[in-house]
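Asks: Below, the features straight out of Swiss-Prot:
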- ASN65, MET94, TYR123, HIS158, SER180, ARG181, GLY182, ASP221, GLY222, MET223, ARG224, GLU260, TYR287: substrate binding site (BINDING)
- HIS264, HIS328: Zn(2+) binding site (BINDING)
- CYS405, CYS408, CYS412: [4Fe-4S] cluster binding site (BINDING)
Amino acid sequence: MTLMEDAKKGIVTPSIETVAKTEGIDPETVCSCVAKGLIAIPVNNRRETLPIGIGKYMSTKINANVGTSRDYVDIDAEIKKAKAAEAFGAHAVMDLSTGGNLDEIRTRILKSVNIPVGTVPIYQAAASRKVVVEMTSDDMFNAVRKHAEQGVDFVTVHAGVNLNSLERLRQSDRIMNVVSRGGSFTLAWMLHNGEDNPFYAEFDYLLEIAKEYDMTLSLGDGMRPGCIADASDRPKFMEFITLGELVKRARAANVQTFVEGPGHVPLNEIELSVRGMKELCNGAPLYLLGPLVTDIAPGFDHITGAIGGAVAGMHGTDFLCMVTPSEHLALPTLEDIKEGLLVTKVAAHTIDLIKEGPRERAWEKDLAMAYARRDLDWEKQFELAIDGNRARKIRDARKTESDTCSMCGELCALKIVKEAFEKKNSEE
């Protein structure tokens, strides 16, 4: 049985128990939400994975993308990135490799981390042919099965890209057409072959494979906007309607899903996007890249993505895909992965401060930091900081003889007021 089947029968599995304990929520609530598809716990039955909960009442989760490109194939470097991502707090990693021995890369990444691992099988299907459009539907489904057999916990499938959404795209005024790599493969394949997307046309077969391995489907946003001018157009929302229908079919088949969301969205349209996705996709957990809130910040898109992610979290986003400083520019380095992840952790924590479920635990951290700052307890501040080592290095770089920081020294507002009160109290 799949995890969702067990949950529908009220069976609290070890994975559900682990998630409940981690999140500080009673197991029955987690079980009920898994049964309804409101929480996803991506754990392939072929792999020992640290269970994480994504969705309602869960703390905001973060994914880190790693993997080779055809220009840069260094498997050891990608393994280091995956390990670093886990060490710095990522809850999942995705192997997006397109260059080199894809089977070897994926196998090594699966062995190198304990957290859930996701992939995009169509990349391997496309790599099996000289030209992307020459891959067959068998290539696509065989890739999904291979990844499932190897223990991949969740796969992105762009099943919402179909002939209907293609027509919406043709009739639209989009500037950037399709910026999703998997979406572009699918669209090009449909145009070349004159057929509908196999992942859509044969979605029931896809569900059979996923169910056999209890593998979660991440329903990809092949029509996501690539610039803020395209943020709220018909192709995007048409895909959400389709994805919502597929979510229902997956739940009926006892296959877990979450839904991927838009890339570039201005601040004032994020609520529309996120609430629209939640409504159209029947409350499924939402997995967002960003969204990036401006197009003019290459080199700083980890920041534009964190801004968008924090706002999206106010309206229902559950799972953030971190963005690195290299976004739109190059394959990210190890340092890019660390920087992007830490910035995304800041965004995730700001979401948890207001999210039902993790809110109380998140507030405890901020309150503890407030008391540590009030008391000028630097060691406690470093302990509580998202990146305590970085905080310590900054403070140590410009030391002061006082117990304050070098910005204010003896003019520290906290110290002045504290000493003033102490003096007044001693006189009374």
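Cβ coordinates come from backbone N, Cα and C, glycine included.
Note that the structure is a prediction, hence the values are computed from the model and not measured.
Thinking about packing and proximity, how do these listed features fit into the structure?
Replies: The Cβ neighbour count for SER180 (substrate binding site), using a 10 Å radius and every protein chain shown, is 22. Look at SER180 (substrate binding site): DSSP puts it in coil.
Remark: HIS328 (Zn(2+) binding site) has PRO298, ASP301 as non-local neighbours, by Cβ distance under 8 Å and separation of at least 6 in sequence. Secondary structure at HIS328 (Zn(2+) binding site), taken from DSSP and collapsed to helix, strand or coil, is coil.
Of all the Cβ atoms in the protein chains shown, 14 others lie within 10 Å of the Cβ of CYS408 ([4Fe-4S] cluster binding site).
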Asks: Which of these binding-site residues is closest to CYS405 ([4Fe-4S] cluster binding site) if you go by CA atoms: ASN65, GLY222, ARG224, HIS264, TYR287?
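Replies: The answer is ASN65.
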Asks: How many other Cβ atoms sit within 10 Å of the Cβ of ARG224 (substrate binding site)?
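Replies: Here the count is 27.
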Asks: Counting other Cβ atoms within 10 Å of each Cβ, which of the binding-site residues TYR123, TYR287 scores lowest?
Replies: TYR123
Asks: Out of HIS264, CYS408, CYS412, point to the one nearest GLY222 (substrate binding site) in space (Cα versus Cα); all of them are binding-site residues in the record.
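Replies: Closest recorded candidate to GLY222 (substrate binding site) by Cα: HIS264.
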